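These notes concern the structure reproduced below.
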């Protein structure tokens, strides 16, 4: 059940249920009084106020929030390892890649990139809430939230805290093989259950285009039709397919922009086409 707290008893009716805090299963639960009062059903007002203010001031800038608490990779990918978050009178200052690209990640708060974050759900939720409430994002056109795979605490927290801000939707990333599509179908059902619109699906590692002969090889064969067939079956838009390119991995390891390093590659062109097809209007928030 999507609205069951991580520390709830076995037969918890869920925070949005009419029986929240009132059923026999609620006896002894630390959340009983909050659920019984109805407060747990409402979105967090502080979060939504701040997000709404930030997103109403739309200017040509982007904020990237990494909520992969246990495996933060955004600092490495963006070339920001070693950077620190600074406190100001208006809150935490995000780290800037450029003047119009702000980034926040728990990776900036660790003493070493190799430090393990061993947290249970409530502590993860508190950190995500702090990222949304206390970070001075400034004026942004897009808030892009990079989530880990799956349908866990991070996803539930983002859905709850941003519900009042109006999430434009989720962009679902998959690879062609069925083992990946099985997980992605679960994520799609999660989005439908919590009423998040699905902007579309991107198929990553979709064939390998040889940089010399330009022929395409299927490194991960789409044995069940890949993202295209899944999108047809579930009536979802396929935003595009990004071919496998070892230079993407190298750019990520070196913290360089692949789009700048190899702008004419098939993968870079695919990225450009995907973004251009979906950037015709400002969005309040996008969930990845």
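Just so you know, glycine gets a Cβ as well, placed from its N, Cα and C.
Listed features, source TrEMBL:
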- 12, 26, 29, 35: [4Fe-4S] cluster 1 binding site (BINDING)
- 210, 213: [4Fe-4S] cluster 2 binding site (BINDING)
- 14-23: compositional bias 'Polar residues' (COMPBIAS)
- 1-23: region 'Disordered' (REGION)
Inter-residue C-alpha distance, residue 210 ([4Fe-4S] cluster 2 binding site) and residue 12 ([4Fe-4S] cluster 1 binding site) (nearest angstrom): 54
Residue 213 ([4Fe-4S] cluster 2 binding site) and residue 12 ([4Fe-4S] cluster 1 binding site), Cα-Cα, nearest whole angstrom: 59
Distance from residue 213 ([4Fe-4S] cluster 2 binding site) back to residue 26 ([4Fe-4S] cluster 1 binding site), taken between C-alpha atoms, in Å: 65
Other CB atoms within 10 A, centred on residue 213 ([4Fe-4S] cluster 2 binding site): 7
